[in-house]
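Trainee: Let me give you the structure first, and then I'll get to my questions.
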Amino acid sequence: MDVLGWLLLPLLLLCTQPHHGARAMNDIGDYVGSNLEISWLPNLDGLMEGYARNFRPGIGGAPVNVALALEVASIDHISEANMEYTMTVFLHQSWRDSRLSYNHTNETLGLDSRFVDKLWLPDTFIVNAKSAWFHDVTVENKLIRLQPDGVILYSIRITSTVACDMDLAKYPLDEQECMLDLESYGYSSEDIVYYWSENQEQIHGLDRLQLAQFTITSYRFTTELMNFKSAGQFPRLSLHFQLRRNRGVYIIQSYMPSVLLVAMSWVSFWISQAAVPARVSLGITTVLTMTTLMVSARSSLPRASAIKALDVYFWICYVFVFAALVEYAFAHFNADYRKKRKAKVKVTKPRAEMDVRNAIVLFSLSAAGVSQELAISRRQGRVPGNLMGSYRSVEVEAKKEGGSRPGGPGGIRSRLKPIDADTIDIYARAVFPAAFAAVNIIYWAAYTM
């Protein structure tokens with residue numbers, strides 16, 4: 001039995017092998033499709049035979065027409081300090097290479113990204129890019145498709161930091177225009193011609209973007225030839241997009257604190273003139289706080305020569321805050337001057353009364369002698385000279401007393417009377433808010449229109 005069993009074992013294995021093989025084929029067929037036919041696939045080795053990737057299609061003839069299309073994935077960062085923005089885009093390029101045409105089928109062939117290294121590619125680059133890189137997670141983010149007539153679609157994902165010249169004169173009430181310039185690096189217009197794809201009527205993705213500081217209001221496409229004397233003309237395609245700054249965050253962070261500081265400085269107008277420490281400390285605190293706010297707001301901006309709208313508003317508020325402090329100094333000076341003047345009047349008034357009484361006494365004592373001399377002079381028909389001199393002296397002294405008397409008619413001090421300190425505060429309560437409101441109307445009209 002043992003010998004018979006060993007003889008039958010190979011036969012049993014042969015009988016069972018087709019059954020297991022059919023089951024395996026069925027499992028694979030259920031997964032990949034049992035009716036898969038790839039007879040239409042072109043012979044890539046035959047297409048690439050004699051292919052020279054270092055030469056453009058149709059070299060020596062008409063230039064290659066390259067259609068470009070953009071799809072924006074994100075705009076990650078816009079920096080005013082560095083005048084740049086970071087954008088991630090899908091760049092689609094399409095051109096025809098007749099050397100790769102296969103006309104026996106209408107199927108489009110999707111190729112592995114590694115096949116890109118074997119093809120001729122347009123040398124497109126971003127002109128105003130500061131830095132750029134390709135994405136390679138989990139594989140290189142490149143797509144290439146080959147159509148039967150030799151048309152190649154090449155798509156790549158690029159993240160680039162691009163320069164953007166900004167005019168910050170109206171910051172933060174400004175609108176900026178940034179560009180993305182695409183150009184051939186080595187091929188002139190005699191070898192390659194760029195044009196926007198017919199499907200590029202709008203940039204996909206821009207309508208879904210949510211930027212923290214800006215809103216994209218519009219965009220447009222341009223095509224131009226750049227002239228270089230030493231190299232010729234090079235085609236350039238540009239995407240221009242308008243950015244309007246979102247003003248809400250700046251109103252909350254910069255404008256409203258400045259307005260509140262100015263209003264806080266007006267509180268001193270309702271504080272008594274006698275409360276010197278309170279009014280001085282309030283004025284100095286508002287001035288220093290306004291200075292700190294100005295410095296912190298400017299730290300995130302470039303040191304540009306242009307005066308920005310935010311700087312103008314900060315200086316307007318700074319002037320009003322400082323003027324409120326100066327107003328108290330002026331009012332306090334007037335109050336102190338009035339006190340000293342009243343004290344001086346009280347001292348000089350008794351002296352003036354004493355001088356008048358002394359003059360009356362002297363006049364009474366000399367009245368008898370003057371009368372006798374006057375009688376003698378009348379009999380002789382003349383007026384004594386010393387009497388005329390006395391009259392003139394009295395007249396001059398009277399004029400002096402009238403002109404120099406405090407508060408007298410025609411006096412200089414009567415025309416320059418110091419204003420009461422409380423009256424100055426009352427005027428300031430109305431003048432400062434009205435002037436600040438008028439300046440704000442002019443400011444917002446000038447920078448928002």
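Each Cβ is built from the backbone N, Cα and C atoms, and glycine gets one as well.
These figures come from a predicted structure and were not determined experimentally.
Per Swiss-Prot, the features are:
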| type | residues | note |
| --- | --- | --- |
| SIGNAL | 1-24 | signal peptide |
| TOPO_DOM | 25-251 | topological domain 'Extracellular' |
| CARBOHYD | ASN103 | N-linked glycosylation site |
| CARBOHYD | ASN106 | N-linked glycosylation site |
| DISULFID | CYS164-CYS178 | disulfide bond |
| TRANSMEM | 252-271 | transmembrane segment |
| TOPO_DOM | 272-275 | topological domain 'Cytoplasmic' |
| TRANSMEM | 276-298 | transmembrane segment |
| TOPO_DOM | 299-308 | topological domain 'Extracellular' |
| TRANSMEM | 309-331 | transmembrane segment |
| TOPO_DOM | 332-423 | topological domain 'Cytoplasmic' |
| MOD_RES | SER390 | phosphoserine |
| TRANSMEM | 424-446 | transmembrane segment |
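Situate these features within the shown structure.
Mentor: Around ASN103 (N-linked glycosylation site), the C-beta neighbours below 8 angstroms that are at least 6 residues distant in the chain are PRO148, ASP149.
A coil conformation is recorded for ASN106 (N-linked glycosylation site) in the three-state DSSP classification, outside any helix or strand. Residue environment of ASN106 (N-linked glycosylation site) contains 9 other Cβ atoms, counted within 10 Å of its Cβ in all protein chains.
Listed in sequence order, ILE78, MET83, GLU84, TYR85, ASN128, GLN176, CYS178, MET179 are the same-chain residues at least 6 apart in sequence whose CB falls under 8 Å from the CB of CYS164 (disulfide bond).
With a threshold of 8 Å between CB atoms, the same-chain residues lying at least 6 positions outside the transmembrane segment (252-271) that come near it are 172, 278-279, 282-283, 286, 289-290, 293, 297, 310, 313-314, 317, 320-321, 324-325, 327-328, 425, 428-429, 432-433, 436.
With DSSP states grouped into helix (H, G, I), strand (E, B) and coil, the topological domain 'Cytoplasmic' (272-275) comes out at 0 helix, 0 strand, 4 coil.
Note on the topological domain 'Extracellular' (299-308): its mean pLDDT in the predicted model is 75.
Tertiary neighbourhood of the transmembrane segment (309-331): same-chain residues 169-174, 250, 254-255, 258-259, 261-262, 265-266, 268-269, 273, 279-280, 283-284, 286-287, 290-291, 293-294, 297-298, 421, 424-425, 428, 432, 435-436, 439, 443, 447, selected by CB-CB distance under 8 Å and a gap of 6+ residues from either end.
For the transmembrane segment (424-446), the residues of the chain that approach it from at least six positions outside its boundaries are 262, 266, 269-270, 273, 309, 312-313, 316, 320, 323-324, 327, 330-331, 334, judged by C-beta separation under 8 angstroms.
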Trainee: Taking residues 6+ outside the topological domain 'Cytoplasmic' (272-275), which of them lie with a CB under 8 Å of any CB in it?
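Mentor: For the topological domain 'Cytoplasmic' (272-275), the far contacts come to 331-332, 335, 421-422, 425.
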